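Structure first, then comments.
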Amino acid sequence: MKEVRVVICGDQGVGKSSLISALIQEDNVTSIPKVFPIISIPSNPDSNDDVSLVLVDTQSDSNEREYLAAEIKKANVICLVYSDNYSYERVSIFWLPYFRSLGVNVPIVLCENKSEDLDNYQGLHTIEHEMIPLINEFKEIEACILCSALEKINVNELFYMCRACVIYPITPLWDAKERTMRKATIHALSRIFFLIDKNNDDLLSVDELNSLSEKCFSKNLSIEDASEILSKVKEICPEGVYEGQLTLPGFLAYNRVQVENGKQESTWGILRAFHYTDSLSLDDSYLSPKFEVAPGQIVELSPKGYRFLVDLFYQFDRDNDGALNNEELSALFRHTPGLPEIWVSSQFPNSTVLNEHGYVTYNGWLAQWSMITLFDYKTTLAYLAYLGFDTDGRGHNTDALKVMRKRVSQNRKVSKYDRNVFLCFVVGSKSCGKTALLSSFINNNTNRLTPNTVVNSVEFQSTQRYLVLSEIGETDLDILAEPKSLEACDILCLLYDSSNPNSFSFIANLLNLYPDLQKIPCVFAATKADLDRQQQRYPVQPDEFTKQLGLPSPTHISTAAIWNTSKEFFIQLAESAQYPASSIIRIPEEDSNKTNYQLVAALTAFGALLLSVGGSLTWKIIKHQYYSKK
């Protein structure tokens, strides 16, 4: 907004033009025009908003009614003036109904002019018995004031009030009828208190108050200023100060008094510094900032993003047990819309690493955010905003993310992907151990449910990466025919049960029925290595099969044995995703017509019957909330 347009209305003789003259002329003048031309007053150089004030004088004559109506419809705020009993009665009988008939929806400042002869008692009586009843009846009246153009009493305050009603509207903050702050105001200020309270002790120290002042008003708060604030709060709200620090009730009480006394500018300064709009919702551009992701790119958390999430974890781990329990998680997400929908759909917290009590560990916390950012970075951006990523001068919310290169299909020239998060599809026949592998990955040794998609960290070469394992059941195989799904997959884990002679044929047939799988790095694994190994009922045994594909022999793993080898296998998966060249299928051109791999489809026609179409809940999440956005 570049200007605030104030239309001054009222009956003839109430002093509309005199009020304008008193504002713009230093000396009292006897000759005042019947109506002033439109006057523009530039903003004060000391003002932070750079908004000029435009004053529109009007006449109440019936022959000027068309012009009056046109100007009222262009107004940002209406200054309605009366000066005696007759003009006061006309406020409710004519003027306010007239404004409503024009369909205008702007704030109104009610002014009694010519009040120089009123003493304090008479002034209070006027406000209580004349103005307050009108405010209660007509909600469009935002403020009222007693003025005198003759004595220049409250003239500057009148037009400041008109300006403030537009730039710093009181209606969204204050319920005039109930004389209390609105629930939305309390909710917004409570969230701001929560964001400023960095040590999570439910108190704002002098240092934290200073941080608030610097962020909102670009000025340091001296110890004297802080002491004055605390003293005022203690007077109006005894429980508002505790051990020299500000409590939430005190913070709310201080802002309530500011708004009640017409000093809502400071409260709006706080709200707008934290990206609140005039409707007290967070700005859409703050929740969903512009963030360009080109085709062939994916999004991960940046070091700044991880640092913020680490700080957040320790801030809310009140019992210092290295995990977030249900109460701590609830406190952390208290001032957001709740757990993100995609988190709920992914069956968090079971989707990540929990301790023996079922609480989210430090690694599990970071892993969950890593996975969700990979699938739906827009949700991550919104929740970084809700949780106050930018509060401590970390920069824009988009600084918490970084854009990385996707896997290039079947490109053996790419020796390494410098990424932190990889997606692995886990495929295999029924009961081959897919779910057991996922449970082992997130250290789920209890009876809790393991979702179809889980995430954990994997450390190799002194670097921590995050691996997302997504199980594809026999009813989910249609996803292997979707190009966007395959583009998202960084590594394909092909499992077979080494103790079941019919297990290997399933994944061998799969490579024929879905030839695009050949473009994805593959790792074969034989599960249940603690049981007797069986000869596979297939023309080519697994070791020879993988050799013909130019891949390493299957890794033998067991999730049940004491000598569990799955940890090393997860490292192998992550390494194969980061260094894909050695895991991409390679069939010599001259042998392409005679390899057993190419003959499999004719030898095992029954394999096609195993492949039905469907989709699990988890894959609905991935397909609809991730792939559709690519």
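Any Cβ shown, glycine's included, is placed from N, Cα and C.
What you are looking at is a predicted structure, and each value in this text was computed from that prediction instead of being measured.
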According to Swiss-Prot, D317, D319, D321 bind Ca(2+) 2; which one of E300, E328 is listed for that same site?
E328
What counts of helix, strand and coil residues does DSSP assign across the domain 'EF-hand 2' (304-339)?
20 helix, 2 strand, 14 coil
Which sequence-distant residues neighbour the domain 'EF-hand 2' (304-339)? Criterion: at least 6 residues beyond either end, Cβ under 8 Å.
187, 190-191, 194-195, 198-200, 348-349, 354-355, 357, 359-362, 364-366, 369, 373, 380, 383-384, 386-387, 389, 394-395, 399-401
